[in-house]
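Going by TrEMBL, these are the annotated features:
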- 134-369: domain 'Sulfotransferase' (DOMAIN)
- LYS143, GLY144, GLY145, THR146, ARG147, ARG224, SER232, LYS349, GLY350, ARG351, THR352, HIS353: 3'-phosphoadenylyl sulfate binding site (BINDING)
- LYS143: active site, for sulfotransferase activity (ACT_SITE)
- CYS332-CYS344: disulfide bond (DISULFID)
Amino acid sequence: MPSASMALPATLPEPLPRGIFRKFVLMLCSLLMSLYVFYCLAEQCQNLPGPLIQASEQEEGYRELDITIWQSLEGKKLLQKTKEQRWGAPWSRLFPSIGVGTPFRAHTGAENTHRTPMLESTLTPLGEGSKNLPQAIIIGVKKGGTRALLEFLRIHPDIRAVGAEPHFFDRNYHKGLDWYRDLMPRTLDGQITMEKTPSYFVTKEAPARISAMSKDAKLIVVVRDPVTRVISDYTQTLSKRPDIPTFESLTFKNRTTGLIDISWSAIQIGIYAKHLENWLLDFPIGQMLFVSGERLITDPAGELGRVQDFLGLKRIITDKHFYFNKTKGFPCLKKAEGSSKPHCLGKTKGRTHPDIHPKVVQRLREFYRPFNMKFYQMTGQDFGWDY
Ligand SMILES: Nc1ncnc2c1ncn2[C@@H]1O[C@H](COP(=O)(O)OS(=O)(=O)O)[C@@H](OP(=O)(O)O)[C@H]1O
């Protein structure tokens, strides 16, 4: 009769030989790695650098130069290859639930991310939808709150927007409409293509150029108290070039008489009525919407409601999308588009302004008052900057 110890090997599995065990662990690791890669793609490679990093002036993580470089230097070929690698057919096959028209993009606008904004226009799986010239443009004003407006609008499923500022109607017009169209994200029927370039508002040629592209283009201007705006503008320049003259010395032509130096472009930008006159030569006022930069901070949902109405869209963006971030001191998105995480704008938005002597501020208020009055009259809106 066989003993109990002899019966054991027949019933218990033998331990795996070491070699096989190692192979198994290796296979498991590579499987986990592949899963991680796909997970990373799904999370839009938030921490990975974009394929092209060029030192340039940066606005909220978007680099204008990136566009220029992508479009030149075989950029198109490179971009196409990257598109295919990152977002091509395998992606849509593996994740069919990311449906056509589901907004999905790589960049949420956080300044301290380093992804290349151009990829933004490529995230709809290739071949789905088409690239169109924008039907609506945020044309200004610099430091008005244009980035906040665009980032908030992007959570609307019927809006697709290019993240970087194309500067087509000012600096890049010579590149032609095909170049411009190619920058745009793909859209499906019913979706609106948008872009923002705040310098258009003060570009003499911009109204006629935009009108030549489309007489029906809808134009959005985010305006902010011109006094705060000029200080914000100065703060931005100071952050890049700490050796610039003081705010006071740039503001005044003659400090004793209080004569304002209107040759300083930062002062000129705030003369909204003058710039608006130029736009009204090519567009009816009804085709323009003036968003209050101040209310965009105190009541983002209210301003976004007006913008959605103006664009003929369902009011999908409401106050449930925002929360006030006490640390940032600004409203932020509860969920950025294509992400489940809260999202505030980066640190170039909402900078601390230097202290400006109250008398200088007062003098600037006096200077802008008549222009503001004219602007209120032209737009039929009192923005409350004059008190
Ligand atoms: N939600 C939210 N978060 C952060 N910042 C906000 C927000 N809403 C409006 N703002 C204001 O936007 C100002 C920057 O305006 P722009 O985006 O138009 O600037 S730029 O012209 O594109 O450089 C920026 O100006 P500064 O405060 O001077 O930095 C902000 O006051």
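Cβ coordinates come from backbone N, Cα and C, glycine included.
Annotation: GLY145 carries the greatest number of neighbouring Cβ atoms among the binding-site residues GLY145, GLY350 [cut-off 10 Å, Cβ to Cβ]. The DSSP secondary structure for CYS332 (disulfide bond) is strand.
Rounded to a whole value, the Cα-Cα separation of LYS143 (3'-phosphoadenylyl sulfate binding site) and CYS344 (disulfide bond) is 17 Å. Distance from the CA of CYS344 (disulfide bond) to the CA of THR352 (3'-phosphoadenylyl sulfate binding site) is 16 Å. Across the structure, GLY145 (3'-phosphoadenylyl sulfate binding site) and CYS332 (disulfide bond) place their CA atoms 13 angstrom apart. Spatially close to SER232 (3'-phosphoadenylyl sulfate binding site) yet at least six residues away along the chain are LYS143, ARG224, ARG351, HIS353, judged by Cβ distances under 8 angstroms. The average pLDDT for the domain 'Sulfotransferase' (134-369) in the predicted structure is 97. Classification of SER232 (3'-phosphoadenylyl sulfate binding site) by DSSP places it within a helix. With a 10 A radius on its CB, LYS143 (3'-phosphoadenylyl sulfate binding site) counts 25 other CB atoms from all the protein chains.
Ranking the recorded positions ARG147, CYS332, CYS344, THR352 by how many other Cβ atoms lie within 10 angstroms of each Cβ puts THR352 at the bottom. The DSSP secondary structure for ARG147 (3'-phosphoadenylyl sulfate binding site) is helix.
Across the structure, CYS332 (disulfide bond) and ARG147 (3'-phosphoadenylyl sulfate binding site) are spaced 12 Å apart at their Cα atoms.
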